[in-house]
Amino acid sequence: MAGPLGKDLLGLAPLSAEQIRLVLDTAIPFREISERAIKKVPTLRGATIVNLFFEASTRTRISFEFAEKRLSADTVNVAVAGSSVSKGETLVDTARNLEAMKIDMVVIRHPASGAARFLAERIESNVINAGDGTNEHPTQGLLDMLTLRDRLGDLAGKRICIVGDVLHSRVARSNIWGLKKLGAEVAVCGPRSLLPNAIGEMGVTVFDRVEAAIEWADALNILRLQLERMQAGYIPSLREYNRVFGVTSARLEHASRDLLILHPGPMNRGVEIDSDVADGPHSVILDQVTNGVAVRMAVLYLLAGGKPELADAAQKGVA
């Protein structure tokens with residue numbers, strides 16, 4: 001029987017505000033586990049989870065693995081470069097072979113938009129999207145919202161601006177969908193060449209100057225330039241990008257209120273963000289990393305059929 005999130009977590013666009021709040025609320029008791037000397041509860045003991053990453057990842061893959069192990073699940077990491085995929089095996093054949101070994105969940109990252117949904121429609125195991133092309137990265141969006149909610153309280157009416165390479169960013173799309181469902185005002189800022197043509201249809205404000213975005217916002221979520229997805233011509237140079245759109249301490253003087261600084265990583269210091277901002281008093285970047293494990297524990301728990309009202313008991317290792 002499907003849990004409160006359904007069978008899979010493929011994106012934030014299909015979720016209701018109530019489902020998003022459910023994940024954020026469920027993550028809070030799980031966050032305490034990471035503060036303990038013994039960082040493990042038996043909640044998913046006996047479950048087998050496969051991490052199937054077709055793209056390079058450090059934070060997301062490790063965060064999922066920590067979340068799985070802290071819930072006592074058996075974790076299998078498939079190195080695609082050394083698997084049968086490198087010999088021409090299809091995504092579905094790989095997953096079906098894994099499912100024949102009686103797994104329970106698949107966490108997938110893939111360069112093709114829609115890959116997670118394609119897989120979820122063809123296997124019975126739960127599927128969690130850890131990033132598919134430029135489509136969505138739902139757990140990153142959720143952890144960003146938890147980090148914002150920790151500091152700002154109810155996000156309704158709060159102003160969040162996403163700065164940088166929105167065109168190639170699945171993080172931006174998940175944040176836009178999720179934040180708007182929670183009633184936040186969302187804006188984007190970046191070179192027009194790095195903003196989707198139809199960005200206005202998502203109901204966001206567009207800023208051409210980062211100074212104006214800083215003056216408007218309660219928080220900035222700063223994105224790196226995804227050079228690996230670009231052909232030549234999107235920006236004149238990295239130096240020019242930093243000069244015009246880089247978030248610096250001098251630019252933060254334009255803020256009309258205390259401003260939170262988020263970044264999903266990896267950071268390119270000196271390009272989209274300067275070190276004194278990344279490491280400064282307004283930065284909650286490391287809080288995002290901490291919250292990432294808790295949010296992913298909550299998602300795993302809920303997809304496995306865990307009852308939200310028992311999350312506190314699960315956190316104590318008795319449910």
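Just so you know, glycine gets a Cβ as well, placed from its N, Cα and C.
The feature carbamoyl phosphate binding site is assigned by Swiss-Prot to ARG59, THR60, ARG109, HIS137, GLN140, GLY265, PRO266, with sequence analysis given as support. Less than 8 angstroms from the CB of GLN140 (carbamoyl phosphate binding site) sit THR60, GLY131, ARG170, VAL171, SER174, ASN175, PRO264, GLY292, each of them six or more residues away in the same chain.
ARG170 (L-aspartate binding site) falls within a helix when secondary structure is assigned with DSSP. According to Swiss-Prot, the L-aspartate binding site annotation covers LYS87, ARG170, ARG224, on the basis of sequence analysis.
Cα of GLY265 (carbamoyl phosphate binding site) to Cα of ARG224 (L-aspartate binding site): a distance of 7 Å. Cβ atoms within 8 Å of the centroid of the Cβ atoms of ARG59, THR60, ARG109, HIS137, GLN140, GLY265, PRO266 (the carbamoyl phosphate site) belong to the same-chain residues SER57, THR58, SER63, ALA130, GLY131, VAL171, PRO264, site residues excluded. Candidate binding-site residues: HIS137, ARG170, GLY265. Fewest other C-beta atoms within 10 angstroms, GLY265. If you take the C-beta of PRO266 (carbamoyl phosphate binding site) and look for same-chain residues 6 or more apart in sequence within under 8 angstroms, you find THR58, ARG59, ARG224.
Of all the binding-site residues listed (ARG59, THR60, ARG109, ARG224), ARG59 has the fewest other CB atoms within 10 A of its CB.
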